[in-house]
Amino acid sequence: MDRTFPCLHVITGHRPEETVRAVVAVAARLGATDRLAVQVRVDDDMCDREAFELTSRILGRCRPQGVLCLVNDRLDVALAAGADGAHVGAEDLPVAAARRVLGPAAVLGATCRTPAAARAARDCGATYVGVGPAYATATKTGLPDPIGPDGVAAVVRAVPDMPVVAIGGVTVERLPELVGCGVAVIGALRADPDGAAQRFLTALSRPLSRIA
Ligand SMILES: Cc1ncc(COP(=O)(O)OP(=O)(O)O)c(N)n1
Ligand SMILES: Cc1ncsc1CCOP(=O)(O)O
Ligand SMILES: [Mg+2]
């Protein structure tokens, strides 16, 4: 990948299209589109057609502005819509298999909690790792205990050549504790996507590769 890796990953949740429209517009206004990635997290009850059409519309907002667009879990949808890549976790295709499906050029994220898991994901072809939950979160149930900023830092140290993205309960106020990594957020944008995106992008004012 020959672009600087984004440090703010906005994952879709509540009102996905309104949120994406707002955050892409904010990033464009701030001249920060290279700092933003959008990850489409399709609801489990959405059928394939709906997932494809939602992803295609979101990609249509991202691509003209040069905002990276990834799809959570659904490699088929990512490929069909022509997204930039996908993110996989423990219940999804293994990283090496996902890399085979997506091909060598796609961006591939993998969820990890430990330094060893991050090194393994890197060795299997992941582009970046999503690490967490960093803090407690109400957005997803059944998660293990939060690893905290120290747990995130341990992963950052383990894979110095790879972007790390902290996820789970991340807020603008917590950014100073999360050193050397980008962040992925769902809930922090829910109430005020425009204002929150502005605060995150301003705080994360350098691309990830230059923070790390
Ligand atoms: C950047 C980033 N990190 C972690 C996750 C979580 O993915 P996963 O563990 O597969 O859980 P679900 O989101 O699929 O419920 C992510 N999506 N993005
Ligand atoms: C999908 C996922 N995986 C680990 S934490 C999380 C949810 C993150 O959402 P929020 O930013 O609202 O805590
Ligand atoms: Mg998943």
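Every residue gets a Cβ built from N, Cα and C, even glycine.
4-amino-2-methyl-5-(diphosphooxymethyl)pyrimidine binding, as stated in TrEMBL, involves Asn72, Lys140; the candidate among Thr111, Thr114, Thr127 given for that site is Thr111.
Residues Asn72, Thr111, Lys140 are recorded as binding 4-amino-2-methyl-5-(diphosphooxymethyl)pyrimidine; their most distant pair of Cα atoms lies 14 Å apart. When the Cα atoms are compared, Lys140 (4-amino-2-methyl-5-(diphosphooxymethyl)pyrimidine binding site) and Asp73 (Mg(2+) binding site) turn out to be 15 Å apart. A gap of 9 Å separates the Cα atoms of Asp92 (Mg(2+) binding site) and Asn72 (4-amino-2-methyl-5-(diphosphooxymethyl)pyrimidine binding site). Packing around Asp92 (Mg(2+) binding site) is summarised by its Cβ count: 17 other Cβ atoms lie within 10 angstroms of its Cβ, all protein chains included. Every protein chain shown contributes to the tally, and the Cβ of Asp73 (Mg(2+) binding site) ends up with 20 other Cβ atoms within 10 Å. Compute the center of the Cβ atoms of Asn72, Thr111, Lys140, which mark the site for 4-amino-2-methyl-5-(diphosphooxymethyl)pyrimidine; besides them, the chain residues with Cβ within 8 Å of that center are Ile11, Arg41, Asp73, His87, Gly89, Gly130, Ile167.
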